[in-house]
């Protein structure tokens, strides 16, 4: 309710017949648009954790690649370029989604629209848990393929959510919130890595993140999986 006060004309402004400052009085439309934006923030926040998991493609997944045999005959694939396979899997998942998931969603939901935008994002969060869990168990191919599915579900759903729920005058801004979540996710990933490295190496050991297979990178991935499960649970709670 306190936001509504921004559209209330004060006695002094009523005497002058105009706002004393552009910041002292807002239109009712501006207030309502701000309310819509605030209501979107909890859903937006779920994308921060998702983006922190996706950041592993260019960080910890590369670390895994350094310990792999990346040779194809006489040609060696640089580990840093393995993230390209993430783009390839997305290109594979998009037609798979349209060909199989959309008809299945219509059958399950008994609706011509299939899964709602929030349901699609929720499925993406669950799939991201499977991705990071597979990263803790095996290497590369399964996790990258699963991550591609998570992106198709969550990222596309997120863009549709921001576009469909935002006021018409703020659609460009709200669609950019997904990029903002990516930025915060990268910072969160760096923070988690810094904290984990500090606590696992303070006794002089190699820690979880080592330059070779002697580290416990799987523990790091299980930590991220737990964080993703918590994020998914909070998301479901907010959507129910």
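The backbone N, Cα and C atoms fix where each Cβ goes, glycine too.
Whatever TrEMBL says is automated annotation, not expert-curated.
Residues or ranges marked as transmembrane segment by TrEMBL: 36-57 (among others).
Annotation source TrEMBL lists transmembrane segment at 77-96 (among others).
According to TrEMBL, the transmembrane segment annotation covers 117-138 (among others).
Summarising the annotation, TrEMBL assigns transmembrane segment to 144-163 (among others). Cβ atoms under 8 Å from those of the transmembrane segment (144-163) belong to residues 40, 43-44, 47, 50, 53-54, 57, 61, 82, 85-86, 88-90, 92-94, 97, 117-118, 120-121, 123-125, 127-128, 130-131, 134, 171, 174-175, 177-178, 181 of the same chain, restricted to positions at least 6 beyond its ends.
Within the chain carrying the transmembrane segment (175-199), a Cβ under 8 angstroms from the stretch's Cβ atoms is held by residues 40, 44-45, 47-56, 59, 155, 158-159, 162-163, 166, 207-209, 220, 223-224, 227, all 6 or more beyond its ends. TrEMBL lists 175-199 (among others) with the feature transmembrane segment.
If you look at the transmembrane segment (219-238), the same-chain residues 6 or more away from its ends with a CB under 8 A from one of its CBs are 42-43, 46, 49-50, 52-53, 56, 60, 121-122, 125-126, 128-129, 132-133, 135-136, 192-193, 196, 208-209. Feature annotation from TrEMBL assigns transmembrane segment to 219-238 (among others).
Non-local neighbours of the transmembrane segment (117-138) in the same chain are 43, 46, 50, 53-54, 56, 60-61, 64, 109, 146-147, 149-158, 160-161, 164, 217-219, 221-222, 224-225, 228-229, 231-232, 235-236, 239; each lies 6+ residues outside the stretch with a CB under 8 Å from one of its CB atoms.
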